[in-house]
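Here's the structure we're looking at; comments come further down.
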Amino acid sequence: MLGILARTMAKDLWYKVKPCGRLVRPVAPTRIPGRYLSHQEGLPKLPVPSLQQTCERYLATLEPIVDEEELSHTKELLAEFQKAGGVGERLQKGLERRARKTENWLSDWWLTTAYLDYRMPVVVHSSPGVVLPRLEFSDRQGQMRFAAKLIAGVLDFKTMIDNETLPVEYLGGKQLCMNQYYQVLSSCRVPGLKRDSVVNHAHRSRPPTHITVVHNFQFFVLDVYNSDGTPLTVDQLYMQLEKVWSSSLQTNKEPIGILTSNQRNSWGKAYNNLIKDKTNKDSVQAIQKSIFTVCLDAPMPCVSDELYHSRAAVQMLHGGGSRWNSGNRWFDKTLQFIIGEDGSCGLMYEHAPAEGPPIVSLIDHVVEYTKKSEMVRTPMVPLPMPQKLRFNITPEIKKDIEKAKQNMNIMVHDLDVKVIVFSHFGKNVPKTHKMSPDAFIQMGLQLAYYRMYQRCCATYESASLRMFKLGRTDTIRSCSIDSANFVKAMDDPAKQKIEKVTLLEKAVKAHRAYTDMAIHGQAIDRHLLGLKLQAIEDLTSMPEIFMDTSYAVANHYNLSTSQVPAKTDCVMCFGPVAPDGYGVCYNPMAEHINFAVSAFNSCNETNAAHMAQRLEEALLDMRMLLESTPKAKL
């Protein structure tokens, strides 16, 4: 179950976060020391929901996905669990004690359980990719020029973080925790034999002043600040990138970065072997300490315009395999911006330090920045040659690289991704009918899945807990009794249209209510996980509710989904969290919706293109239902 949680978290973004003011604006030159800390101190602590409330809501979520016999058995187990003076009450008190003693009773447990203890590769199984709008250039000069602007844009955003002038974000009128913004730059995951760790160099007395650039599988350290502390201009960055490019023309180098794509225990073992050599250790540390990484990719195989976004999605997720750009990465790095010679552009990020909000805010800022003309005069100072990182490849390391290549190519062949631009409508249509766009899209997903499989399934949608100090996420369970009633009625000829509309409205309202409950810290999933981890910490026997078939079914997410609203016309993508499941990410724009659907080819029952098509049909049918029913026109 914990593995599923980790893979699910590759989607954890946010629900309609509103920044206070525009992020893209002239950065205040003055520091506001202590602003971040004082803001954080004012945030409330994550609550522990009541045991009775969680048990009742857990039963309600099981109703549409387990059979009556199993549900009856789970009711008995929950009654036993909640008895006065029983195991549930004891674990609840333990959790409440933990909540009093810590800043956030969940955050450390979550980081360890969902990410650092998770041993599957971060590629496909945890790290999301983001596809940005296709760029017009088709040569290396265009690639370098855009990369230089992008780097300057990220450094501009970094200035707001460093100066503590980043606008505080709000959700439903409440201030949000801004901690994750301080975790994404100059940080990196480090593999371990049984558990990974995350290092963050941003808060050191001498924070890093360099980025890493990788081209043709070769890594370079590029200092991005002048000696007076000012960032390099776009022209200076361009000249430095040209030096990197001309120093890495050979394509026969060992793709050392592909080691980071391996299963975590295997990579942990190879890592320890790799860093025995001092040169290798220094090179690895230079990558880990860098502010972020820029991957200058070779062109990918040409495809039609229709398939371009799907091809770009896999490039951002895994690089296309060992023959293409999978060795042109350091997958443990929190932020990797990917710019292809063919105009493909995007990024991927390692998920342990943060969810999507800081990433997407940064993207929106950088995309706007790249559109501006450069106004800064370039100082006429000679810049040092970017430093090429050296690796001594022993026969054992070479063997590890070959194994990592094989495993990567298996993952590449297994992942099926379909990106579609749903051009018929966007947020405008649900809003016309006074419905939450997110809830409307989620009901479309429920209908699409039901039409394909004639059953309902456990569905994950992430909800932000950033109203609370150090808050991460909880689960919106989109499959409910109300959504089940709607999807079963939708294609039933015996049902009147007016009844179907009523059921849709009820399902949308139920989803909206669950979302509100989740963002206020009253959902069930993290509470149940906390009770389970409390039992492990107390060294007591595992309560039967966690050994129950219903619990396994509830945590087998055939649909793992996330809404990623961005100003930029981009789409995020990620792998499924179950072998027979789908990963669905979407960016609802005003008049269209970007969808990325993923599945595994190794499962005969799933097909990303079929799901994308069914989703499109479901949304169109739901609009037609609303527009052709008298009640909807009132």
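Using the three backbone atoms N, Cα and C, a Cβ is placed for every residue, glycine included.
Straight from TrEMBL, the features:
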{"type": "ACT_SITE", "residues": "His351", "note": "active site, proton acceptor"}
{"type": "BINDING", "residues": "Lys427, Lys431, Thr432, His433, Lys434, Met435, Ser436, Pro437, Asp438, Ser464, Arg512, Gln563", "note": "CoA binding site"}
{"type": "BINDING", "residues": "Tyr460, Ser462, Thr473", "note": "(R)-carnitine binding site"}
{"type": "DOMAIN", "residues": "46-617", "note": "domain 'Choline/carnitine acyltransferase'"}
Which entry in the list of binding-site residues, Lys427, Lys434, has its Cβ near the fewest other Cβ atoms, using 10 Å as the limit?
Lys434
Between the recorded positions His351, Arg512, where is the Cβ count within 10 Å the lowest?
Arg512
Just to be sure I understand the packing, how many Cβ atoms besides its own are within 10 Å of the Cβ of Thr473 ((R)-carnitine binding site)?
29
Can you tell me how many other Cβ atoms are located within 10 Å of the Cβ belonging to Ser462 ((R)-carnitine binding site)?
26
Here the binding-site residues are Thr432, Ser436, Asp438, Tyr460; which one has the lowest number of other Cβ atoms no more than 10 Å from its Cβ?
Thr432
What whole-number Å value do you get for the CA-CA distance of Lys427 (CoA binding site) and Ser462 ((R)-carnitine binding site)?
19
Mean per-residue pLDDT computed across the domain 'Choline/carnitine acyltransferase' (46-617):
94
Rounding to the nearest whole angstrom, report the longest C-alpha distance spanning Tyr460, Ser462, Thr473, listed for (R)-carnitine.
11
In whole Å, note down how far the CA of Ser462 ((R)-carnitine binding site) lies from the CA of Asp438 (CoA binding site).
12
Compare the Cα of Thr473 ((R)-carnitine binding site) against each of the recorded positions His351, Thr432, Lys434, Ser436, Arg512 and report the nearest.
His351
